[in-house]
Ligand SMILES: O=c1[nH]cnc2c1ncn2[C@H]1C[C@H](O)[C@@H](CO)O1
Ligand SMILES: [Zn+2]
């Protein structure tokens, strides 16, 4: 299989984790910010998480540098355009990008300005390349909750027209879902779809909670349903699609090694999975690399790859018209 040419779909990609190192240098110059280094390799080292981090929190420390230059509308629009451009150039046909609007207010931007800029950059790339996309708004679960409904309101302007879903991201503590029930309900009432990071650093119970308490239709990672029978059965029986991110899962020690990743076992047992990047820069990866790793590690046939591709299409938050277009790439 030609991993570069094969059509691909990425449903789990963070904007701030996918910034080109060269763009950081250029934006810092334009914004008059001083960087720890002007050397592209050193900047890259600061942005890429080690092959194995002690935990998810160490991985999350790699977002500070990119976020420092993502505080203006121009910068957010440019980075949004570039993420879609990079993906389009490796034959990603559909990309859902997520980010946390709360992380882009260091210079006083409103949630509306932040979300508008991200959508604008995506639209520019969609005009230039054969790629479609949507945004997911990630709420940082360790932040104060008083602004969450404002973010949901600001994104509603683009709902089903550039913004499609609500997510919870950041460090994962046991039982975190209980505190977010009213916010997820508010988002659903407004028309948002729901995907939640769960079962990555935390237990399978968090996945069970995300589905049963927050109405998650998809789960970011979900690795730890393995060994939690109730969560496993719920995900399987309710056809919840897991957004697996193999390289990231090895880095954050969600799995000890790629060979231990349950992705193939899940797929064989009828648990729905998709293959995604998580963070193109922080995980030093591309969709081509992620597909290659999974196909080669687990000896997937082209038919099995396209089964996964179709699961990604069906469980994407794309419009029916875009889904039909994406299915036309599968044999
Ligand atoms: O894999 C992840 N798990 C939990 N949180 C994550 C992951 N990757 C990125 N994030 C956080 C850090 C970013 O600043 C934030 C919004 O994109 O989401
Ligand atoms: Zn993620």
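Each residue, glycine too, has its Cβ placed from N, Cα and C.
For 7-328, the entry in TrEMBL reads domain 'Adenosine deaminase'.
Annotation comment: TrEMBL describes 12, 14, 197, 278 as Zn(2+) binding site. Note on residue 14 (Zn(2+) binding site): other Cβ atoms within 10 Å of its Cβ, all shown chains, come to 28.
Around the Cβ of residue 16 (substrate binding site), a 10 Å sphere holds 26 further Cβ atoms from the protein chains shown. A coil conformation is recorded for residue 16 (substrate binding site) in the three-state DSSP classification, outside any helix or strand. What TrEMBL records for 14, 16, 170 is substrate binding site.
Taking a C-beta cut-off of under 8 angstroms and a sequence separation of 6 or more, residue 200 (active site, proton donor) has the following same-chain neighbours: 56, 172, 220, 221, 222, 223, 224, 249, 252, 254. Residues annotated as active site, proton donor in TrEMBL: 200.
Other Cβ atoms within 10 Å of the Cβ of residue 221 (site 'Important for catalytic activity') number 28 in total over all chains. Look at TrEMBL and you will find 221 tagged as site 'Important for catalytic activity'.
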Zn(2+) site, defined by 12, 14, 197, 278: further same-chain residues with Cβ within 8 Å of the Cβ centre: 13, 17, 98, 169, 220, 221, 243, 245, 248, 276, 279
Tertiary neighbours of residue 170 (substrate binding site) (same chain, Cβ under 8 Å, six or more apart): 60, 100, 140, 141, 142, 143, 197
Neighbourhood of ligand 2 - recorded positions from 16, 170, 200, 221, 278 with Cβ under 6 Å: 278
Overall pLDDT for the domain 'Adenosine deaminase' (7-328), taken as the rounded mean: 97
